[in-house]
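All remarks here apply to the structure that follows.
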Amino acid sequence: MNIFRLAGDMTHLFSVLVLLLKIHTIKSCAGISLKTQELYAIVFATRYLDIFTNHISPYNTIMKLIFLGSSFSIVWYMRYHKIVRRSYDKDQDTFRHYILILPCLILALLINEKFTFKEVMWTFSLYLEAVAILPQLVLLQRTRNIDNLTGQYVFLLGAYRALYIVNWIYRYFTEDHFVHWITWICGLVQTLLYADFFYYYFQR
């Protein structure tokens, strides 16, 4: 753990809290892509298969539980809550997100650090997380009407990944044999996808 990793984790946590704040207080999910939220639920479900078998620290376990619980609760609210689901813009959120899943799974089967079920699922979650934001970015480009909470949510997601890149750079120079090409490339791709959003966000 270092300051950059902690800052990245907290930024990621704040992004989730901002989205939950919007859903719980305003009872609205306007501007939020259900497709992206479903992809994130798959990301966390496949990444944290070891949650009850591989204990690293209480901090690590708590963070896993938070991201698992929050991702599935957000999907539930957007799909089934009688008030929140009315604000979901289904007509604009039309990105075919399922076409992202199979290529990521095939890539994980072909390119991974170790060919075991958990490792392949972990790698799949990295590939899928790298592109999971695409439906959200497409939705924002279509509507061009970004409210403050939605803008802050997406900004914090991008900032979290950028801070993780700084964390990797720090660890590369301070730890022996810290080389994880798959993680690094996925993180870089994910951060680059936010470039257009960051440009318009800072303009606003």
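Even glycines carry a Cβ here, placed using N, Cα and C.
The model shown is predicted, which means the values in this text are computed figures rather than measured ones.
According to TrEMBL, the feature signal peptide maps to 1-31. The feature transmembrane segment is assigned by TrEMBL to 56-77, 98-115, 121-140, 152-170, 182-202.
Looking at which of 56-77, 121-140, 152-170, 182-202 has the most CB pairs under 8 Å to the transmembrane segment (98-115), the answer is the stretch 121-140.
For the signal peptide (1-31), the residues of the chain that approach it from at least six positions outside its boundaries are 59, 63, 66-67, 70-71, 73-74, 77-78, 81, 83-85, 87-89, 139-140, 143, 145-147, 149-150, 152-154, 156-157, 159-161, 163-164, 166-167, 170-171, 174, judged by C-beta separation under 8 angstroms. Tertiary neighbourhood of the transmembrane segment (56-77): same-chain residues 1, 9, 12-13, 16, 19-20, 23, 29, 34, 37-38, 40-41, 43-45, 48, 84-85, selected by CB-CB distance under 8 Å and a gap of 6+ residues from either end.
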